[in-house]
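All remarks here apply to the structure that follows.
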DNA sequence: ATTAGTGCAAACGTTTTGCAACTAG
DNA sequence: CTAGTTGCAAAACGTTTGCACTAAT
């Protein structure tokens, strides 16, 4: 029942703990929710001005592979969230401004797994996202 | 109860019916399901060799805006589907090869709308996608 | 010492843009 | 006629790659 930290997991898999890697993980705490690679990079650069954006990308893709972070596709660049910190949830995304909030519901059931299995699919994950207009954007559009 | 065709809708909104636009709409029929802009372009070029890819993009974005087609984000380039032809459904996507199938279930309920409304969101749409491995890719990975 | 990780620069693929020419209504 | 549409070329954007150098183990 010991909780494995991201760093433990990296070590366990034989990856090195570099200052850059530490910083990427920490950056999530001080970034807006669902940061882009860019935003994370800017955050990391406050501590380590010389990190390169590609290092951020490389680490994000490693962390995604290890399921330490989740990568969420957006038409205008992907965003990330720390996996372990958050319990399972889904998102409300404003189609105007991109503002994102979490919503504590999940429709996933065994029935879907079975439905998928009929087609030969083994489900490993799912996304359920709502698109709409946040309050601000509703007002803005109303005035026009 | 008259069914509005995509062309009617375009006309009604004051957009012109160009050969390129017709061809894009037709291309969906002869393309693999969930084509990319590239694939649609190649299909259109069989009839009209000189269409430019940007015209395809411009039309897809217009058609998406009018909800005639749906744009689905993928990390490796977005894909499209004709909205009207298909009843409401969701997708199974293979994370290895990208193979996509439809699944005839939808968990959307009023309860979600209300939950979202509490946070000031007006929901306009949603996506529910399952990720996993298709049969082929399961076998392939098993052999390794 | 060894292997993994880094920064740099350049490349990549998708999508968007400005513009002058064209065309459907 | 004329507003909307096109093709072209170039750019923008997020992301990935090859390489020689550096650093964690």
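The first residue you see is number 1, and the count goes up from there.
A Cβ is built for glycine as well, from the same backbone N, Cα and C atoms used for every other residue.
Curation plays no part in TrEMBL annotations; they are all automatic predictions.
Looking only at the domain '4Fe-4S ferredoxin-type' (B:84-117), the predicted model's pLDDT averages out at 85. Annotation source TrEMBL lists domain '4Fe-4S ferredoxin-type' at B:84-117.
Look at TrEMBL and you will find B:88, B:126 tagged as Fe cation binding site. If you take the C-beta of residue B:126 (Fe cation binding site) and look for same-chain residues 6 or more apart in sequence within under 8 angstroms, you find B:108, B:112. In the three-state DSSP scheme, residue B:126 (Fe cation binding site) falls into the strand class.
The Zn(2+) binding site annotation in TrEMBL covers B:94, B:97, B:134, B:137. Long-range Cβ contacts of residue B:137 (Zn(2+) binding site) within its own chain (separation 6+, distance under 8 Å): B:94, B:96, B:97, B:99.
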Short-range binding-site residues relative to chain A, from B:88, B:94, B:97, B:126, B:134, B:137, with Cβ separation under 8 Å: B:94, B:126, B:134
Shell list (Zn(2+); ref centroid = CB of B:94, B:97, B:134, B:137; cutoff 8 A): B:95, B:96, B:98, B:99, B:133, B:135, B:136, B:138
Helix-strand-coil residue split for the domain '4Fe-4S ferredoxin-type' (B:84-117), DSSP-based: 8 helix, 9 strand, 17 coil
Distance from residue B:134 (Zn(2+) binding site) back to residue B:88 (Fe cation binding site), taken between C-alpha atoms, in Å: 22
